[in-house]
Amino acid sequence: MRGAFLATAAAIAGTAMADIAHMRRHGHDSFHQRRAVEQPAPEADATCGCTTEVVTSWGPPTLIPIATSSPSSTVTSEVVTTLHSTSYSTVTLVVTPSGASPNRESAPATPAVTLPTPGVTSFSTTGTYTIPATTLTVTHSTTVCGATTTELPSGTHTYGGVTTVVDRHTTVVCPYATVEPSGSTVTSVIRTTTYVCPSAGTYTIAPTTTYVPTSTVIVYPTPATITPGTYTQPAQTITVTRDNYIYVCPFTGQQLPTTAPVAPATTAVPATTTAVPATTTAVPATSSVAPSSSPSKPAAPSGAVSGQMGMTYSPYTNEGGCKDKASIISEVALLKSKGFTHVRVYSTDCGSLEFIGEAARTSGLRMIIGVFIKQSGVAGAQDQVTAISKWAQWDLVSLIVVGNESIQNHFCDASTLAGFIVSAKQSFKAAGYSGQVTTTEPINVWQANGDALCGAVDIIGANIHPFFNADVSAAEAGKFVAQEFKTLKGICPGKDVINLETGWPHSGEANGKAIPSREEQAIAIKAIADEVGSMSVFFSYFDDLWKQPGAFGVERYWGCIENF
């Protein structure tokens, strides 16, 4: 599907038709076909393996103060309501040395200790509530289950877990927090897992995957080490404006002097380990936990390219689920520091408008937003038009792209797409939008359907990928894309051109002179940025490991943020 040979390049006309027929259709066609009902799950990594050893000792539950129904001394405008509180229990991890067997009968009894784990309070109704202050003193270091929250839009999400970065093949042994049934409730526990990192990269160990039908705030446990010190949970007056609101009240601490080093929370391994952030409402009952990983290639040196306009961003995990809000906001914010002015999103799913929009506003980025057309055709995309019109944060939007290679993928014909673009433009205008609207297709589709499409769009949108032309090397990528610009301008006279997808893969099989590698990717991207970077959107932020391999096995490996 990637760009075509130029009609004017007579010297290579003999091979152009073969390239159009064979090379322009590849795994990119299924950019958003990631759900189980639309596409098979990503292939499992045969080199990864992991075993889990559960070594758990149950301890007393963490105590959380519960306000009584008697009037509080705090003066508020509403009556203080009794709090309905829940908490995660405190669990002490006891690791049995390798080769030894646990002897539960000989284990000494341990006195109950109250530890400063965060208080999780559920407010069933609106009102003003007071949580009294609490002070605790801890004299020994203990690994416990903390708690954190994250907001998830509707859909399938992967969150939590422990992230580790290794520089070579490494076996990592670390604790992770999870929940398991305990009678009619659930209890947080600390488990240990052994994970084999097959090569250098970043891995997420033991994340949780869940499905939420609507936008939800979940609470989930995280491993934490409580060190000796005095911890205070200050008095809090909370005004709750919606029903079933969950509030996490943390402790703040001052560490006590100590003459002995604090025991590490993980087995000594040449790796750095941190808890993965995330935020959401009551813990969904459909959650499942399995040790897994999300490897990525080591980052190449940054700062090689400048002068670029935009970057595509997809809010999906390596498994095809939706990323949490915290991850989306931090990743999008990085684009501004890399010199980008725009972020392009393809659809409205996974909180693309709300979460990416919030990140763009905070970071000072503009957005190129999209209406994605799938196999269901234009009728199935109307709800996205409605969602965008209701969102209506037009001060963030530079361009709306209706359809991404939908003609190339045979999801609709040119006349149907043109009619849908005109209809969508009317809806956006009625909602207050006065900016540009277009679609995006490879150059061969524009050449064949310009008569139908030119009148419907305000600017010509094209996906130009020099890799899929076998006679173009990485060093020639910039000149090739610039020539495609000239050809496209001749299709719709008087209208500008924007390159909405361009880049170069870093892994896969060679396509003639087009060779995928980290080095060639860096060369190609710099060449494109030098020629047409100010009117190009680079593809893509990360590798898309949830995709099928596609033509030349490159479809998953276009991540290029390290080059900027």
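Just so you know, glycine gets a Cβ as well, placed from its N, Cα and C.
Copied over from Swiss-Prot:
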SIGNAL    1-18  signal peptide
REGION    285-304  region 'Disordered'
CARBOHYD  Asn404  N-linked glycosylation site
ACT_SITE  Glu405  active site, proton donor
ACT_SITE  Glu501  active site, nucleophile
Glu501 (active site, nucleophile) has its Cβ surrounded, within 10 angstroms, by a count of other Cβ atoms equal to 27
About how far apart, in whole Å, are the alpha carbons (Cα) of the residue listed as 'N-linked glycosylation site' and the residue listed as 'active site, nucleophile'?
10
Site with most surrounding Cβ atoms, counting all protein chains shown within 10 Å, from the recorded positions Asn404, Glu405
Asn404
So, three-state DSSP: helix, strand or coil for Glu405 (active site, proton donor)?
coil
What is the separation, in Å, between the Cα atoms of the residue listed as 'active site, proton donor' and Glu501 (active site, nucleophile)?
11
Helix, strand or coil by DSSP: which one applies to the residue listed as 'active site, nucleophile'?
strand
